[in-house]
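As written in TrEMBL, here are the features:
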{"type": "BINDING", "residues": "Ala44, Cys45, Ala46, Gly47, Ala48, Gly49, Lys50, Thr51", "note": "ATP binding site"}
{"type": "DOMAIN", "residues": "23-302", "note": "domain 'UvrD-like helicase ATP-binding'"}
{"type": "DOMAIN", "residues": "303-582", "note": "domain 'UvrD-like helicase C-terminal'"}
Amino acid sequence: MTTKLTIATVEESPQTGGSGSSFVLSPEQEKVVNHRGGHLQVIACAGAGKTEAISRRVASLILDGAEPSQIIAFTFTDRAAQSLKTRITKRIAEAKGPAFLDRLGPMFVGTIHSYCLRMLQDHVPEFGNFDILDENRLAGLLSREHKRLELSKLGNQHWRPIFDFLRNADVVENELIDGGLMKGTPFGDCYLAFKQTLYRYHFLTYGLLISAAVKALSRLEVANRVRANLRYLIVDEYQDVNPAQEKLISLLAQDPVQLCVVADDDQSIYQWRGSDVSNMLDFRKRYSPATSLTLSVNRRCRPKIISSANAFATSIAPRLTKKMEPHRQPGGPEVHGWAAETDAAEAVTIADTIERLRGEGFRYKDIAILYRSVRTASPPLIEEFKKRDIPFRCAGRTGLFLQPEASALGKLYALLSGNEWKSERYGESQSVDLDDVDHEFAAAFNEGETIPDLRPYLQDWQAMVKDNTAQVNLVRDYYRLLRLVGVNTLDLDDPADSARMGTLARFSQILADFEHVTRRARYVDEQGQQIFRGGQDRGIYFYQRLYNYLQYYALDAYEDFEGEDTFDLDAVDILTVHQSKGLEWPVVFLPSLVEGRFPSRYAGQSQDWLLPESVFPASVRKRYEGSDTEERRLFYVALTRAKDVVYLSRFRRKTNKFKPSPFLLEIVGSDPELAEQLPLPPTFTPSAESGDELPTVSFSELASYEGCPLKYRFSSSLGFQPQLVAELGYGRAIHHILRHIAEATKAKQQLPTLEEVEKVFAKEFYLPFANNAAFHNLLDRARSLVGKYLSDYSGELLRVWETERPFELHLEKGVVNGRADVILDREGGVVGNLGIVDYKTANDAKSDDVFAFQLAIYAAAGRGEGLDVKAAYLHALKESVRKNVPVDNVAISVARKRADTLIEGIVAAEFPPRPELSKCKVCDMRAICKHAQCSKYDL
Ligand SMILES: Nc1ncnc2c1ncn2[C@@H]1O[C@H](COP(=O)(O)OP(=O)(O)OP(=O)(O)O)[C@@H](O)[C@H]1O
């Protein structure tokens, strides 16, 4: 029998459409919540409350007795996961009380990618020491490996073949194409070499994460372990799942797992990334028997928005027949088309309207501007917003290098490598000399005044570049330069200064991305021997490659600083329609609706592919090349993001004339009139609930915040990157080795021999940034630590219950997660009594007190799950000493309070400095921090 949720509910008023903390579910939502037995397909119209339905379904499953570890919910983005988690947590807390939340740790709510990463880390230990490459680092790695991979076989120039390779590799991974079938083709050979290269560097890409998880799940012993607990799999945004993800879902959704997918085929907008709407259209054939339910009542939008979107959707084909039904009362203009003479005038009217909306009670964050392409269309609006001090958050590529600070830095690296520079893709390249750089830095950093000491400093730097023996430490050198030009004196409380810091932090990201893949070490085969080789870290070639990355890749690839990630930012959102998926705002502007921009002139254009037709047939190609249908779906998504009003506009000219978008004409019925004043929706009272999302933070973030909140701000909030040192990854490498030894012992129920331990070292010991000499030095140290551990504590290897065990603790102010190194069974000789052990290596900067805090949090999480955690230990590997850490109720309650207070500080964006000589001396941010307590020799 199904238990109904007994939650105090507030009936939503259809007049206001306000979102009370709990609503009365509609009968169709109730059906989704209460369906049991067999697979379920939910076809949801836009705004039909699928997130609410899914969160209550999860809550109701748990109330029915399902264990949290039996539930997985996949969302499309991390942001959606956060929102779903918050709602589930609330519903469960309302129904069962907050203490019950301690049991939620083992439930997985997140993206498919993060699930695959966790699954591989949990079940395929060899990936425990791998890093994921994001698209920028992947491009950087391909640039470094261009020659070895023979990418020139794919085309002329340096970057063109890289982009083509990436586009085709995506297809291979999305479609799970067997690499062997492409052997002998130019792309196929590059691809096979590429995979071997990644392996050597201990890298995985996002695409390979899914295919590696699919491969792992195809092995029965892994599948059995993964599915042993699983009973309920829920997939949100199922319309945008690609074939590899669908394969993963099908491998998980084996009897007795019940699959529930929620989708709206009209909102399938990621075909160019491989999403295949036929997964949804054919669902019931593949997962038979399955029930199908529809959520058709749109709870978000006013009726005219719904009727316009309904009429527009009839032009989408193929689609499942359905129609959104309105729920809210009419009010205000709802759908308003208008025109401006120029794009600048369009921006002025939008900014005026926003200022008037503020007078009607709307906050900036109640307003969004959606574009087909932010990069092409947003500049006039951003300029207008800056002029009027309208706060905005722009998620899009808007020309980072047009900021004076980034442009000056670009020129500096051009100078160091002896090249010309241009700050815009289609701008003119200009030669750069020392005077130019001196002037640019003066303008960008010192109000036009020459910066004392800069010139000789740069001259020395130039000389060092030519001297191939000096080692480059890119991020560290960058921070030293920033110190010299006075960045440490900027006032972070001044919004203009903190925005400049944001730009500089973005730049540190570019340098770190390049440095990570360029200095990355690898194993190479030389004369039949496996040799460890460090990456490149010196000389003119290093700087020339860096210049190449900055000028021909980074210029277009990096987004400008979006503003700090504070939890309650009041700013207008500017984003692409793709990024707006799943979100909603009371007021939405859709500007720049002119021919060629929306629908995009590029949609449906056939592209050149490197993949042979035999593995990538024309029918599949079409999916990647886009079409008018996909542009229509995008437009439908854009319309249905608005709760109260959507303003659709076009401009008539820039320098040349522009025609209106056919989509605009379809909605408005004719070319709209010029307007300077737009009608406003009724006065608005924001709901008190928004902005109360529960943050999830890792324990290391908490510890970093506690150590120095200002350092946390520099690194986590602004995005300044850590400096690379040869020892980086040493602690992780030791943990990885110990894990392998523990897992092998557990599997065989027998201690490993010395030869076996040596084999683990030979295969698994890897340090990403060491050169050959540092590697061998650290390898010897690691051998000695592990040897000592094995001689003093080998007996306990037979007691290992789990290694690298993930934990999640739900607290009042947020969720803390982390992984415990080892959990031992038979504590005190009793089976089922557990002891948690955390290893400390000599390089750990964490104090014993912080380790004790961490262990208390893990113990609390473990007990919440129902584990019998009896003890916790901090094991100092170097000294071979083990310390008992208290995990009694008092210690746990103190740790919980401590964590809650820290989360509260993070959410409230309180970032006071906490300088101390010993900490500042080794802090990555010391050079750019006003408060650093160290001498210039420590910088
Ligand atoms: N039963 C309900 N009563 C009142 N409001 C509801 C109810 N269910 C959902 N809502 C509200 O309706 C709006 C749309 O819900 P939600 O964001 O879950 O829709 P969705 O189906 O995910 O939409 P989309 O697919 O368009 O992103 C939200 O503001 C939500 O708070």
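Any Cβ shown, glycine's included, is placed from N, Cα and C.
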Taking the Cβ of Gly49 (ATP binding site) as centre, how many other Cβ atoms lie within 10 Å?
23
Site with most surrounding Cβ atoms, counting all protein chains shown within 10 Å, from the binding-site residues Cys45, Ala46, Ala48:
Ala48
What other residues of the same chain, not counting Ala44, Cys45, Ala46, Gly47, Ala48, Gly49, Lys50, Thr51, have a CB atom within 8 A of the CB centroid of the ATP site?
Ala53, Asp264, Leu295, Asn298, Arg299, Arg300
Sparsest-packed among the binding-site residues, when each Cβ's other Cβ atoms within 10 Å are tallied, from Ala44, Gly47, Lys50:
Lys50
Return the residues near Thr51 (ATP binding site), defined as same-chain residues 6+ apart in sequence whose C-beta is under 8 angstroms from its C-beta, sorted by sequence, else 'none'.
Ala80, Ser83, Leu84, Arg87, Asp236, Gly582
For the domain 'UvrD-like helicase C-terminal' (303-582), mean pLDDT (0 to 100):
91
